[in-house]
């Protein structure tokens with residue numbers, strides 16, 4: 001019999017094959033936009049996508065980004081393929097939100113960039129060699145696939161993301177698993193795990209499939225406001241150890257040889273009095289409150305919606321149980337910051353003028369919350 005599509009949508013392979021066997025990284029480099037175009041797409045990414053997936057340290061990213069574009073062609077060929085994959089999927093996400101006359105042209109360009117990102121991941125051997133950039137790129141590819149009507153592919157790709165996040169130990173308390181890491185790196189790990197976890201949670205509740213990001217000892221309360229940047233924005237000390245490639249711990253070499261004790265972190269760079277154009281303390285504070293809110297909602301959804309829905313079980317055992325669940329969701333929602341629960345249209349319009357990032361976070365959180373509330377309200381248990 002002919003194979004069937006898992007969810008009946010997105011039947012074509014998501015990554016068009018433009019690549020040759022021997023092309024390698026130079027072939028992928030050949031599809032990069034001009035620097036001016038790249039700047040526009042990255043700015044659009046940080047304007048539209050980063051507010052709802054605030055997992056990339058903008059200061060570190062831009063330092064790496066400008067350093068990459070300053071290199072000559074031959075030097076670019078030696079770049080980290082995972083970093084290039086991250087750049088390309090960010091171009092793809094930016095393209096999805098750029099206003100162009102032709103929808104078809106925009107879609108084709110975005111899909112071309114995401115295919116290039118996937119090829120760069122393949123060149124980086126992303127199934128066995130991991131880094132923060134690798135997981136960041138995969139999270140964004142999964143988000144792109146959901147936006148691009150490829151729910152089946154997004155579900156399968158999200159499974160790889162979760163396995164790799166577990167392999168990196170992102171689900172573990174950074175104070176336990178990487179005690180010598182800097183405060184900034186620990187913060188980065190928590191943000192990245194949260195992005196992986198709530199992407200998995202809300203994808204599974206939409207598709208009524210089992211949640212995967214369920215084993216973690218990272219606490220919501222452990223996420224604090226971003227530490228103040230400690231060095232000049234132009235400092236060379238931007239390659240956090242979290243971007244170092246990690247060999248799969250299930251490989252023969254990892255099993256046969258015990259790792260040596262971790263080296264203590266290098267001393268921090270000297271403090272600079274220069275203003276940092278990529279760090280805003282108000283934005284950092286707002287992002288943390290948004291991440292905590294999404295995290296709390298995801299924990300509630302995982303326990304009370306995802307697991308029973310995946311087994312076709314009723315969500316409640318009695319009318320009283322149902323009322324209790326609804327009360328838990330509403331109580332959680334009431335404890336979110338007021339700017340994230342604002343529903344008045346006029347007030348949202350006014351907030352969009354001064355804090356457009358906050359409005360995007362509000363709309364993303366609100367849409368997920370009310371979708372889950374609708375699922376709970378619509379669920380029927382005839383036995384109850």
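Including glycine, each Cβ sits where the backbone N, Cα and C put it.
TrEMBL: automatically predicted annotations, no manual curation.
As annotated in TrEMBL, region 'Disordered' covers the listed stretch 257-278 rather than the other ranges in 257-278, 279-300, 301-322, 323-344. Within the set 191-216, 217-242, the record from TrEMBL flags 217-242 under the feature region 'Disordered'.
Across the domain 'Xylanolytic transcriptional activator regulatory' (154-233), DSSP helix (H, G, I), strand (E, B) and coil residues number 47 helix, 0 strand, 33 coil.
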